[in-house]
Amino acid sequence: MSGFSDDMPFFDEPGAAPAAAPSGIAARAMAARQARNSPVDYLSDLNPEQRQAVETTDGPVLVLAGAGTGKTRVLTTRIAHILATGRAFPSQILAVTFTNKAAREMKQRIGLFVGEAIEGMPWLGTFHSIGVKILRRHAELVGLRSDFSILDTDDVIRLLKQLIVAEGLDDKRWVPRVFAQMIDGWKNKGFGPEDIPEGDARSFGNGLGRELYRAYQQRLIALNACDFGDLLLHPIRIFRTHHDILADYHRRFRYILVDEYQDTNTAQYMWLRLLAQRPRSHADEGNAPQGVNICCVGDDDQSIYGWRGAEVDNILRFEKDFPGAAVIRLERNYRSTAHILGAATHLIAHNEGRLGKTLFTDRPDPEDQKVSVHAAWDSDEEARAIGEEIEALQRKGHALNDIAILVRASFQMRSFEERFIEIGLNYRVIGGPRFYERQEIRDAMAYLRVVANPGDDLAFERIVNVPKRSLGDAAIRQIHDTARLLGVSMLEASANLAESDEMKPKPRGSLRAVVANFSRWRDLLETTPHTQLAETILEESGYTDMWKNDRAADAPTRLDNLKELIRSMEDYGSLREFLEHVALVMDKDKNENLDAVSLMTLHSAKGLEFETVMLPGWEEGLFPHQRALDEGGRSGLEEERRLAYVGLTRAKQNLHIWFVSNRRIHGLWQSTVPSRFLEELPEAHIKISEGGSDFGGYGQRSDQAFSSSYATPGWQRARQNRNEATSRNWGNRSGPAVERIGYGEADSGYGAGRGAVKSHTIEGEVVAKSVADTPSAFKVGDRVFHMKFGNGNVASVDGNKLTINFDRAGQKRVLDGFVTAA
DNA sequence: GGGCTTCACATTTTT
DNA sequence: TGTGAAGCCC
């Protein structure tokens with residue numbers, strides 16, 4: 001039952017890869033080539049701990065890599081080292097990451113070391129992509145065919161809704177999305193329908209939780225499909241029930257490397273254990289190395305995904321799981337200044353239950369710039385002040401690309417976006433809706449999925465009446481019932497129905513056409529290049545026409561997206577390869593040519609670094625978030641603190657933290673209290689800033705603010721606010737420590753003149769068409785359309801700045817480059 | 001089937 | 001307050 005015959009090592013000798021290096025990076029490639037010739041070179045750049053992490057190749061290793069300590073470097077060098085010293089072939093190394101981005105980066109960096117040998121690293125990828133690869137080989141063992149589809153969250157929810165309704169339950173009381181999350185949670189823990197706790201099972205659908213879960217799994221098999229969780233759970237099941245297969249993988253993987261180990265959930269942990277812990281009998285046979293060569297790299301202080309199933313415990317108990325493990329700490333930081341590190345280290349020390357690390361740097365910091373803490377009256381002023389600060393930096397030549405604003409929750413982004421649009425400051429939002437989640441892309445994908453896997457009823461159902469073909473709810477139900485009755489796919493059932501007289505003539509006619517189309521496309525699959533096939537499908541189905549005839553403002557964008565989809569298909573060898581890519585790699589490159597400030601959540605900032613970082617919204621209730629406190633208790637608070645730590649450690653040079661006194665929550669203005677995390681910052685490394693000259697006029701330079709018991713008029717007002725706040729439902733802190741944080745009363749408007757701006761982005765998507773300071777082409781009374789605010793009428797024109805009365809958003813001032821004639 | 005109104009809800013997100 | 005989904009009416 002071995003499935004390995006097809007991909008034995010590609011190179012006889014790890015170092016024997018052709019010397020041709022990728023073009024365009026000549027210098028690095030030269031270094032790489034040199035490194036290949038003399039294996040010691042690549043080690044000499046490492047510090048002693050890093051070097052130890054690279055060279056300790058035998059037995060289990062846990063590398064505790066603090067933020068900015070060269071984690072990726074260690075991982076990639078370690079792989080290079082294993083290859084260069086002939087310890088394993090590329091195909092004998094299993095290297096797992098969480099995100100595609102991380103996998104891509106690793107591939108690229110290993111490529112610099114070993115040239116093209118990277119092609120021979122078939123087992124470097126995300127947990128899920130490797131899971132798919134394994135599952136495709138043994139699909140039949142769990143009742144799937146190897147061409148199974150991978151469903152995304154949206155498909156899953158639609159499927160669950162069907163099942164919930166089919167059980168006669170009210171889908172408003174038992175919300176499919178909620179159930180999808182429950183199932184996801186169960187799968188993260190490695191639970192199949194039989195394993196879930198009785199309480200969980202009872203808590204959903206009038207006690208039918210377990211039955212629904214079971215029915216869901218059956219439907220997936222019938223659809224020849226998997227959800228994301230199955231990509232790990234099915235392999236786990238296979239490993240457990242087929243020891244010969246597991247033994248094959250044991251023989252195959254000589255080295256296992258895991259990135260971001262603190263983020264692994266229970267299922268991933270089980271999967272890793274199965275692969276890593278070979279029973280004695282295997283270890284003893286042949287010349288397999290004794291012990292387990294597993295190397296996990298992570299940072300318990302950066303574990304911020306507990307809420308989605310990550311178990312910090314996995315990293316905390318590594319030494320118990322893998323006896324004799326070497327634990328190596330990387331604490332020398334190459335990213336941030338001593339002040340930033342001091343602040344971060346001190347903050348995170350408030351957490352219990354850590355493995356403990358203390359970051360340090362011995363690089364000099366010529367500017368000796370402390371972390372600054374700023375106060376603002378409300379969120380609008382916060383946005384204004386940060387905007388000013390950024391413009392000031394920009395004038396000094398600071399690239400916007402090197403600046404990031406990291407928020408706790410995405411609603412905070414809004415005030416920044418509005419402000420930046422107003423002053424014409426380039427920004428890009430990282431995260432948010434993604435290319436492959438757009439409606440038109442998902443529709444197009446559904447067509448392709450049906451062609452690739454005619455049993456994919458979910459995809460079929462999605463597009464059978466898109467564009468409209470008079471196949472409404474009634475027709476779909478009929479197809480459904482027929483499929484059930486005959487035990488076949490909906491496509492097959494449709495073929496039957498189209499030839500019978502059970503359907504009214506009109507829908508029957510269009511159904512016949514649909515069936516004929518799919519069968520023709522299916523035939524073309526063998527003979528036509530997949531990009532061309534996709535084009536044909538979108539044309540012949542009438543899908544592109546549908547958008548061409550659509551007069552909605554975004555229809556042209558959607559057509560562009562479809563073209564982009566086809567274009568991106570060129571990068572893949574076959575339709576199936578492409579579909580798998582889309583299912584697993586839901587991201588797309590952003591427009592990186594533009595100089596723009598990055599705006600994102602703290603979560604999505606993990607792993608990134610910026611010269612300057614702004615951290616707004618440090619208030620009780622928002623950060624730490626009230627819900628984390630309510631639902632997570634102490635451990636919830638600690639996770640929030642780790643999030644703060646992640647935020648602080650993103651900054652290389654400048655770090656600014658902000659809090660406001662008033663914030664609008666669900667439409668209501670609330671007084672707020674500075675975050676407890678502010679008190680946890682060490683005095684020695686921070687300064688309370690009154691916003692410099694921009695703010696002018698309130699509070700004093702107040703490093704002494706931390707010397708507790710004194711109050712200026714401003715402070716008194718702060719205290720007042722706090723007292724009010726504590727009586728509300730937000731943050732309920734006690735103790736006088738709060739009093740120490742500076743606060744200002746700068747609620748007066750300020751700031752008017754700003755530097756000229758050349759181009760603008762909204763959400764990394766739109767590039768404006770006009771240049772600042774040229775008179776606007778629009779005049780009063782013009783009807784215009786704005787990406788964010790919709791349609792409106794121009795009320796006044798001031799150079800290139802327009803005041804527009806939007807139908808829905810009300811009156812706004814925007815730059816004319818952001819609107820088009822409606 | 002499309003557009004309008006009403007209602008509930010309002011942290012973080014990858015695969 | 002403001003958004004998005006679902007129901008309702010034509």
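Backbone N, Cα and C define each Cβ position, glycine as well.
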Check each of the ranges A:350-373, A:686-709, A:710-733 against TrEMBL and return the one annotated as region 'Disordered'.
-> A:710-733
Counting other C-beta atoms within 10 angstroms, the emptiest spot among the binding-site residues A:Ala65, A:Ala67 is A:Ala67
Residues near A:Thr72 (ATP binding site) by Cβ (under 8 Å) yet at least 6 apart in sequence within the same chain, in sequence order, are A:Ala102, A:Glu105, A:Met106, A:Arg109, A:Asp259
A:Gly66 (ATP binding site): tally of other CB atoms within 10 A of its CB | 27
Looking only at Cβ atoms, how many others are within 10 Å of the one on A:Gly68 (ATP binding site)?
-> 22
For A:Ala65 (ATP binding site), what is the secondary structure state per DSSP, taken as helix, strand or coil?
-> strand
